[in-house]
Amino acid sequence: MWTIPWNRTHHAKQPHSAQTLGIPAIFGIMTVSAAPCAPHSEHDLVRHSYNGGMSTAPRLEAAKRDWGHDETGCTVLHIDMDAFYASLEVARNPGLKGKPVIIGTGPRAVVSAASYEARKYGINSAMPAARAHQLCPNGIFLPVDMAYYRMMSHRIMHEVFLTVTDRFEQVSVDEGYMDVSAALLEWGRPSAIGAWIRAQVAERFHVTCSVGIACNKLVAKMVSTNAKPDGMLLIPAARSAEFVQMMPLRGIPGIGPSLEKRLNAWGVHSAAELAQLDEAALTRATGSPAAARGLWAASHGLDSREITTVREEKSIGSEETLAEDTRDMRVVCGLLRSACDEVASTLRRKGLVARTLTVKLRFADLSYQTRSFTMERPTDTAGVLYPECVRQLKVMLGLPASAESATPLPRTIRLAGMSTSSLSKAAATAVQPSLDDMLEEADNARGQTSQARLHDAEAALDAVRRKFGNKAAQFGA
């Protein structure tokens, strides 16, 4: 480990360098390695995974070389946490270090993430957990703790990334883009920023990240992939096309198996061969002029997308697959209660309130059903969300409102969850109190409504969880 003092005044006078950070120069810039080792529009071409840092994009060892030291115009950083979910589990339980850790348990679960030690056994994301058990019988299988991963993601993004610049775009729980052009007066070089970020993440959170530095988002994303694990790589602007064109087709974000197969049929098997086709040929190959433009631009290392600092959140939800199918209403309600607790906590952390909730059920035959309900007033409390979810559950299954929790369900449930939508900023959302609210507020010694008291109580639970972990306190029915 290493410690880097953080002082903004010092940075302005003495920009960071490889020497001041004590980090060796590799790939033309600094890196430290501790871990083992048919789109419809041109903007659809780049997609991002949400699987806990388990990238399946091809990597080339040949890309890990010195591409030059010219950082002019390379103001985009793509920061990608390494094996994020598994790394966080190791960080909070150091006894797991060096062991094959797989996130995802249960006979019907899928692997959400795996440590690099586990990947040596051929384990990858979305693989059935049962198959992972066969490949790595001595692996350490842990349940997904999404609330914890999101909390740690929030801390890393806000306590490290956003201290450099507010020009940061988070695209998933474990990755984001940073435009550092306005920060260069203070820092001097993009690589100094990348080195400091990596050092801070490792020192403060005991996990690692990889950083790609380039002139645009597409190339920066590809660069960080090839810097993994626990590395940093710079591609000078003038060499962007050369870097992209050494990659296989699947090395370009957005080219999946289907599009790869279609391009293969046209004799295209690499990014270099892709770059030899003009837009007209690509349109014939893909059947989409917009996709053709995106592919042509990507194969030449071009990307005009800007950093989007604010992403409007459409919905927040949580769902869970049962280890065994059930007709027990108490079990299903337990899943909904946990989902409401997690979603409400996320709403409060993000300063949001929701007006619409949706209950989702998947049945034993793999069919599913959803039902939405718009509440009279927006909320961020599980105490409001959960009773409404139970009401909607009974309606979905044709049960009377008076049905007791011991009532057998008419259909066998495999998965249950809920989500909230119609989101708005809590601070900017006016809530019109009802006459009952005003009477209750007048009668209450603290001048609070029941919903306000619920909010305060659940916010107190948030504080307990931040200090003692997510399992330390749970919302009760």
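Each residue, glycine too, has its Cβ placed from N, Cα and C.
The Cβ neighbour count for GLU175 (active site), using a 10 Å radius and every protein chain shown, is 23. For GLU175, the entry in TrEMBL reads active site.
A 10 Å cutoff on Cβ-Cβ distances gives ASP174 (Mg(2+) binding site) a total of 31 other Cβ atoms nearby, all chains included. Summarising the annotation, TrEMBL assigns Mg(2+) binding site to ASP80, ASP174.
According to TrEMBL, the domain 'UmuC' annotation covers 76-256.
For TYR85 (site 'Substrate discrimination'), the number of other Cβ atoms no farther than 10 Å from its own Cβ, over all displayed protein chains, is 28. What TrEMBL records for TYR85 is site 'Substrate discrimination'.
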The domain 'UmuC' (76-256) [mean pLDDT, rounded to integer]: 95
Rounded distance in angstrom between the Cα atoms of ASP80 (Mg(2+) binding site) and GLU175 (active site): 4
Packing count at ASP80 (Mg(2+) binding site) (other Cβ atoms within 10 Å of its Cβ): 26
Assigned conformation of ASP174 (Mg(2+) binding site) - DSSP reduced to three states: coil
